[in-house]
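Listed features, source TrEMBL:
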DISULFID  CYS43-CYS107  disulfide bond
DISULFID  CYS56-CYS117  disulfide bond
DISULFID  CYS87-CYS97  disulfide bond
DOMAIN    17-118  domain 'SRCR'
DOMAIN    121-149  domain 'SRCR'
Amino acid sequence: NRCEHGQDAAVICSDAIKLVGSGSTRCSGRVEIYYNNSWGTVCDDGWDLNDAEVVCRQLNCGSALEVPQSAHFGAGTGQIWLDHVTCSGSESSLIGCQHSGFGSHDCEHDEDAGVICSGPIRLAGPGSTRCSGRVEVYHSNSWGTVCDY
């Protein structure tokens, strides 16, 4: 090649999921997904902790704590992309879960799904549970431990 490091290629990627709305944070809010060149919401019909767990993991936001119903973070606008989402909880992304098909729904924006995740902290390790384990913090795109000093 005839390239120098001043010619290195770069990209800025956007995840296909985000949490937004009134009172939202990086790890809590109304669930929106990017599909067919536009952002849209997810209906809360059948929305549960398994579904929220997938969203929290996809966003590196720890575990799902709550699944607020009835547009808790405000009603979205535009397209409603997903309805009747059914995740086992182990999927790597929300669109990998069963659903009624993109754009196929029987709800309005007053049923937009939300999540509240634990945030960029988790309990991990052998024998860990939701309430016990090694404390790990997500920072600079990786999980690390916390010293016991």
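Note: Cβ is positioned from N, Cα and C throughout, glycine not excepted.
Everything TrEMBL records as a feature, shown here on the structure.
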| residue | record | contacts (Cβ under 8 Å, 6+ apart) |
| --- | --- | --- |
| CYS43 | disulfide bond | ILE80, LEU82, ASP83, HIS84, VAL85, HIS105, ASP106, CYS107, GLU111, ASP112, ALA113 |
| CYS56 | disulfide bond | CYS27, GLY62, SER63, ALA64, VAL115, CYS117, SER118 |
| CYS87 | disulfide bond | ASN50, ASP51, GLU53, VAL54, LEU94, CYS97, GLN98 |
When pLDDT is averaged across the domain 'SRCR' (121-149), the result is 83
By the 10 Å Cβ-neighbour count, the most surrounded of the disulfide-bonded residues CYS97, CYS107, CYS117 is CYS117
